[in-house]
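Annotated features, as they stand in TrEMBL:
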type	residues	note
BINDING	GLY89, GLN90, THR91, GLY92, ALA93, GLY94, LYS95, THR96	ATP binding site
COILED	581-666	coiled coil
COMPBIAS	509-525	compositional bias 'Acidic residues'
COMPBIAS	743-752	compositional bias 'Polar residues'
REGION	479-527	region 'Disordered'
REGION	741-773	region 'Disordered'
Amino acid sequence: KRVLAFVRVKPTSHFAQDMIKLGSDNKSIDIYIRKSPRGGIVNNTQTDWSFKLDGLLHNASQEMVYEAVAKDLVSKALQGYNGTIMCYGQTGAGKTYTMTGAASEYRNRGIIPRAIQQIFKSASEFLNILVTVRISYLEIYNETLFDLLAPALGRGCKDNQLTVMDGPQGVYVKGLSIHPVSHEEEALHLLFEAGETNRVIGEHSLNKNSSRSHCIFTMYIECRSRDYTNHKCLKSKITLIDLAGSERLSKTGSEGQVRIEASYINKSLTFLEQLVIALADPKREHIPFRQSKLTHVLKDSLGGNCNTVLVTNIYGEAEHLEETLSSLRFATRMNWVTAEPVPNKPFYREASVKALEEEIHLLKQELIMHDCLANRSSSYNPLTTAQRAEIRSQVQKYLRGVIKEINIVNVRQIQEVFRQFKVIVSQQEEEVESRLWKKYGLEKRDMAAESPVFNSAKPNPQRVLLPLVKNLMNLVHPFPPVRKERSGSPPEPSQDDFSPPKSPIKNLDEDEEEEGNDQDSDEEVLISPSGEDFQKLSSRSPPSKHEAFELFKKQAGRVIHRVFRENKRILISRKKRSLSVAQKINRIKQQMEAIKEALETQKQKRRQEGEYVDEKGQVIIDEEEFSLILKLKELKEEHKAGFTELQDLKAEIQYCQQLVDKCRKRLISEFEIWYNESFYIPEHVREALKPGGNIRPGMIPINRVTCLDEDEQDKFEQMQEAVLPDGPRSVSFYRARMKTDQKQSFNRTTATLRKMRRKPEQVPAAGKKKALS
């Protein structure tokens, strides 16, 4: 079967009727070019050309183009046939418009959106067949592959290394993302977002929105039974190719980067034409598929076992007649290429599973045979209970130091060893947490009775030191710590790591260190004030944050403040204990060094005087040296015990420090919220916010709430669906269009805000003298 070739003429008011003649059968086109006077009297240059193609699309709508070009191909794709549609032509001739269409209007959508709609419409009509669709979008820009559906990697990223690979099932792109889509709207949203946002577009004299890359949109279709009564699974794919347009630099006037892009485009199109010429020659033995990335990717799509259609886009003006003639020659050569479209072989799930099981069985037998030849005993079956118990025993012996290593036989044993290690580590963590729990005695505190949320049936290891912190974090939605300035000066950083800047509570750590040993001060903090202080502060202008913070610690923040102080007290005591243990270890180490020196002196003295040995040949030492050895042994045990205690204290200090930092941040954020709500919100607004006021949650007045039956966006979407001019089938198209517009608007707004946000040290010198608007 020959490759179908269609020609679409771009509509124009300056159509060259004298030079371009369209056949009445809509399948032929004649070109006439007058001889140039520069050729002289004897001029044998050709002036007439006639081309016979499969269809001529002149002044045709997008629907007519799709009916003639793609409808049958998409229908056969659902029957297991692969299909390829490719648009070729000069820059600005309408290739992208033919393939994707105008995204703003439903009736002007191109081949890709219509093919997506046809597939999902046919899938919805099938009763017993489940159709699964996946899509990918590949871009070839300057001989580099890019994934348009994975824009997070970005251009020039080292991680974005896509490679064309040859596999047993054909050519594929390694690293290209394939996205499953469940409905038409989702597929169109990916198409619009990738095509308008991520694709490279340039500008020159012939086209303001010229595509600077080749794009390949692929749909992978899989059909299988819904109820799994039939295990046959049929796979196919549709490849839709939008080639970049060939350019003549004398007409486009491209310069700089656009000129470099044009050279890459023309080079790849030249290789494509050479490939088409080779495919059209039946005597040709070598087909140059690997000349470029484009020809390599299209290895299965051109001349393979798929239905291939070419749409050649040409100009109708006389000034572009040479490029039109070149495009028609390419279409003719493509029309000579033959393909053998055959349906893909059905994939039987049950048969493939049985084949894999048989292969696994044979591989196991082969491994057992190799083990026998190598005098190794191993089993490739799942581990039994006895084998798991033996591995557990070996791991415990290894940890105790009884055995130096564990004999590894197979991969299953390695997995079980790691699993046993994980179990032992979790058990040790539970033991350490329970020991800390008992040490700090925080199971049942009086403060737990203040709120029923603090009472937990089972202690959580993450809340060993302070079970109150986790529950406080869950009571209110966490806010980030707010950094404020006071008296016009920037806040100074705290001494602790991860601590927020000092604001009105800059003396918080100092006060808590002073109160760390004062246990009776907790009762003063928990005394609830009568409210006179708050009324005095509220009656006048907003107080300083230092005064307000003192009041906050006695009222709204008394619980979290008490939690913070207790954590701080525990942290200080652990640090003091750690310091004393470290000093003790250093003293022991000095004593050990002194004893070692004394032992070395004793050894040298004994060697000089002569050594005495017993009947067994062992050296006899005096009582003084023996006492030094015993003393050294005791010091080593004390040093080991002290070092272990120091390590435990360091872990406890680190955990306490994290709790203190979290509690400090929580205290600051709660104070900022309380301060703003108490002193900056007007009195009448506070009254309205109280229960029974005239403002509901969300700060929306009642009169506005009652007049809004539904969200404005929902109302607009419902109205749009009701009055759509193109019928109900266009709902998915317009919804996908709307989502893309919203995302692009959000990205533009975010980019504008980032440009407006400038740091003080980055203000240009010219802008410093300007007055602030």
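Glycine too: its Cβ is placed from the backbone N, Cα and C atoms.
Automatic, uncurated: that is what TrEMBL annotation is.
Long-range Cβ neighbours of GLY94 (ATP binding site) (same chain, at least 6 residues apart, Cβ-Cβ under 8 Å): ARG8, LYS10, ASN313. Around the Cβ of ALA93 (ATP binding site), the same chain contributes LYS10, GLY245, ASN313, ILE314, TYR315, SER327, each under 8 angstroms and 6 or more positions distant in sequence.
Same-chain residues that are not part of GLY89, GLN90, THR91, GLY92, ALA93, GLY94, LYS95, THR96 yet have a Cβ within 8 Å of the Cβ center of the ATP site turn out to be LYS10, CYS87, ASN207, GLY245, ASN313. In sequence order, CYS87, TYR88, GLY89, SER211, ASP242, LEU243, GLY245, VAL311, ASN313 are the residues near LYS95 (ATP binding site), counting only same-chain partners six or more apart with C-beta under 8 A. Under 8 Å, Cβ to Cβ, and six or more positions away along its own chain, THR96 (ATP binding site) finds CYS87, GLY110, ASN209, SER211, ASP242.
Confidence across the coiled coil (581-666), taken as the mean pLDDT and rounded to a whole number, stands at 86.
For the compositional bias 'Polar residues' (743-752), the DSSP-based tally of helix, strand and coil residues reads 10 helix, 0 strand, 0 coil. When the binding-site residues GLY89, GLY92 are scored by other C-beta atoms within 10 Å, GLY89 scores highest. Counting only same-chain residues six or more apart in sequence, the Cβ atoms lying under 8 angstroms from the Cβ of GLN90 (ATP binding site) belong to GLY245, SER246, GLU247, ASN313, ILE314, TYR315, HIS320, GLU323, THR324, SER327. Sequence-distant contacts of THR91 (ATP binding site), defined by Cβ-Cβ distance under 8 angstroms and a gap of at least six in the same chain, are HIS204, LEU206, ASN207, SER210, ALA244, GLY245, SER246, GLU247, THR252.
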